[in-house]
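Enquirer: Below is one structure. I have some questions about it.
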């Protein structure tokens, strides 16, 4: 151990050239075989620079390097606009969100009474509904009662004159409203 200290005295700077007796840090002199293996070793050690491997460079392909004409731009924009409008129309109409909770299904009357709950199945064409489902729930109860009375009057004009039937229609409507909104 004293021999190693004598060859490198304390406080003296070493020269820039590596010493021959420090073979463990001199990996450049190691015989790795051909140049390819040496490059692989350098790459694995993190010392080698990556070379271009021949893969496609972004923006350097002739199929993607052409520019669209004005007509193509207009056509693409029109298609995107129509798709956007279709999705917004279906979202705002609430056609796909008609369920009110678990186990709830709309009552469909086929015997000619119509929808007492005020659900318009006549407007199932492609035009969007002017009100969203949230807006229709915010209507006052008196307005809904009036609309139910008008529906009953239009469907059964002879029965509306009887006050007992009118009260029954109101109570039926209130019951349907309570069932559909309270889950």
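Just so you know, the numbers here start at 1 and follow the chain as drawn.
Just so it is clear, glycine is given a Cβ too, placed from its N, Cα and C backbone atoms.
So Swiss-Prot lists these for the protein:
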REGION    1-183  region 'Disordered'
CROSSLNK  13  SUMO2 cross-link
MOD_RES   15  phosphoserine
MOD_RES   17  phosphoserine
COMPBIAS  48-78  compositional bias 'Basic and acidic residues'
CROSSLNK  62  SUMO2 cross-link
MOD_RES   63  phosphoserine
CROSSLNK  75  SUMO2 cross-link
MOD_RES   87  phosphoserine
COMPBIAS  106-149  compositional bias 'Acidic residues'
MOD_RES   127  phosphoserine
MOD_RES   147  phosphoserine
COMPBIAS  153-171  compositional bias 'Basic and acidic residues'
MOD_RES   174  N6-acetyllysine
MOD_RES   179  N6-acetyllysine
Enquirer: Can you grab the distance from residue 75 (SUMO2 cross-link) over to residue 87 (phosphoserine)? Cα atoms, rounded to a whole Å.
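Expert: Cα of residue 75 (SUMO2 cross-link) to Cα of residue 87 (phosphoserine) measures 19 Å after rounding.
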Enquirer: C-alpha of residue 13 (SUMO2 cross-link) to C-alpha of residue 87 (phosphoserine): distance in Å?
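Expert: Pair distance, Cα basis, whole Å: 76 Å.
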Enquirer: Would you mind pulling the DSSP three-state label for residue 75 (SUMO2 cross-link)?
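Expert: Looking at the DSSP assignment, residue 75 (SUMO2 cross-link) belongs to a helix.
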Enquirer: Looking at the recorded sites 13, 75, which sits with the largest number of other Cβ atoms within 10 Å of its Cβ?
Expert: 75
Enquirer: Which residue among the modified residues 15, 87 has the fewest other Cβ atoms within 10 Å of its Cβ, if you could check?
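Expert: Among the modified residues 15, 87, the lowest count of other Cβ atoms within 10 Å belongs to 15.
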Enquirer: Under a three-state reading of DSSP, tell me whether residue 13 (SUMO2 cross-link) is helix, strand or coil.
Expert: coil
Enquirer: How many whole Å apart are the CA atoms of residue 87 (phosphoserine) and residue 15 (phosphoserine)?
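Expert: Here the two Cα atoms are 75 Å apart.
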